[in-house]
Amino acid sequence: MTEFESAPAYQEAKYLTSAAEFDQLPPDQGAEIAFIGRSNAGKSSALNIITGIKGLARTSKTPGRTQMINFFALNEHERLVDLPGYGYAKVPRMVQKRWEELVDSYLKKRRCLKGLVVVMDIRHPLKEMDEDVIEWAVNYDIPIHILLTKSDKLSQNAAKKTLGEVQTAISAYGEKLTLQLFSSHDRTGLDEVKAVLSQWFRSEP
């Protein structure tokens, strides 16, 4: 058994470092899975629930709080990465442009990146920036898994309807994109997303 074959111990996650510039990233070794999404889509809450560590990724009622790339080590070789939230209107355009350049460089150049989790509020899916991020990742041949978060905010039928609509919208991208319902409140989809992450971590370099 290789060091990547067993499922990671997500509850062992520990804050590693933060980077505001590409040259501040930790060594491009091992395996990383990154989380990205619009401000207040539930990205930090998803990371906290997946690891079972309350407050691991800081949550805030003020969108746009995460302005750096934050790294969390699961072990010596595997990391979860919290990318800056986007789409917050009060962030100056210069800051937004710097964010776009940093994230684009990360997705394009980070060789240890195994997959990208795109977090979307199920009530407001596939906004323009969501689609831009998906386009970036597809162009760089990065596997994508979409979390439609806050599914508890909709009825079961409404959530399934939105799931189907988003599935239809992304079908042109083929098998590179998968998606699911998720709720940090009632833990809907927790086992499913963990299975996806573990599969990515076990994939060949």
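Including glycine, each Cβ sits where the backbone N, Cα and C put it.
Mean predicted confidence for the domain 'EngB-type G' (29-203): the pLDDT average there is 92. The domain 'EngB-type G' annotation in Swiss-Prot covers 29-203, and the record cites sequence analysis as its basis.
The GTP binding site feature in Swiss-Prot is assigned to 37-44, 64-68, 82-85, 149-152, 182-184. In sequence order, G42, D121, I122, R123, S183, S184, H185 are the residues of the chain that are 6 or more apart from K150 (GTP binding site) and have a CB within less than 8 Å of its CB.
The Mg(2+) binding site annotation in Swiss-Prot covers S44, T66. When other Cβ atoms within 10 Å of the Cβ of S44 (Mg(2+) binding site) are tallied across all protein chains shown, the result is 24.
G37 (GTP binding site) counts 27 other C-beta atoms within 10 Å of its own C-beta, drawing on all protein chains shown.
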